[in-house]
Amino acid sequence: MTAGIAFAVLYAVALVLAPRFPGIDKPGSAIVAHVNEHSGAMRAQALLLAFGSLALVALLGYARERLSGPAGYVFTVGAAALLAQVFIATWFAAGLALHPEQLGSATARTIIDIVTMSAPMLTITNLMMAVPILLAANAGQFPRWLGIVAAVFAVEQLIETITIIGPPGSFISPGGPMNTYLGAPLLILFFLALGAALSAEPQRDKRPATADAPDARDPATEPDSAEELKPVEETVE
């Protein structure tokens, strides 16, 4: 649960710390102005994402331990792809903030276009993680309520794949409002719920395993006194 809370807090703060980049319908000069205005916040955002990713790795490791078979492998691929995409997008975005005064419009527009497309493509990696959790919850490996959360998240991410080809300046444009204000918060909530489920499950598993086993010193099977042993001893003699 600690890893889930740490991830959720760090990623949520990072999400709101710096405004999203101007849309794909804006010129490169708008990107340059944005970077010059928010360069400090962009670098702080990268730091929060770095520490948040450490917490996420711990959370993903515990979740993977509960999965088995093909679903576990799919989850592993999705988790690795998620982290790789977050890191690469952060490299490019935070890199622009190192020398904002030297940034050219064409360079800024090209780099941010690459960063922007990472958000729509994250929908696929998110599906790789949400669906295995949903299947595991249906199989009883996770609480049923987590299965509901995973189902809602998976359906939303499936719909959000439309942002890969969304028109510029629209709600479903790549890196637009749907990715930033709907998909990103749901991702944070999904992993927070996963952390809560992982912390609750061990408590259920710690119930005494011998509760249903017959007691080795069951009074019903023990002789009441030494007198009951005498007939047996006499027979042996």
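Positions of Cβ are set from backbone N, Cα and C atoms, glycine also.
The following features are taken from TrEMBL:
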type: TRANSMEM; residues: 44-62; note: transmembrane segment
type: TRANSMEM; residues: 74-94; note: transmembrane segment
type: TRANSMEM; residues: 114-138; note: transmembrane segment
type: TRANSMEM; residues: 145-166; note: transmembrane segment
type: TRANSMEM; residues: 178-198; note: transmembrane segment
type: REGION; residues: 200-237; note: region 'Disordered'
type: COMPBIAS; residues: 202-220; note: compositional bias 'Basic and acidic residues'
type: COMPBIAS; residues: 227-237; note: compositional bias 'Basic and acidic residues'
### Message
Please identify the stretch among 44-62, 114-138, 178-198 with the greatest number of Cβ pairs below 8 Å relative to the transmembrane segment (74-94).
### Response
114-138
## Note on the structure
Given the transmembrane segment (44-62), its same-chain partners at Cβ distance under 8 Å and 6+ residues beyond its ends are 3-4, 6-7, 10-11, 13-14, 17-18, 79, 83, 86-87, 90, 93-94, 129, 191, 194-195, 198
### Close approaches to the transmembrane segment (114-138) from elsewhere in its chain (Cβ under 8 angstroms; 6 or more beyond its ends)
21, 24, 60, 63, 66-67, 71-72, 74-75, 77-79, 81-82, 85-86, 88-89, 92-93, 144, 146-147, 150-151, 153-154, 157-158, 160-161, 163-164, 166, 174-175, 179-180, 183-184, 187, 190, 194
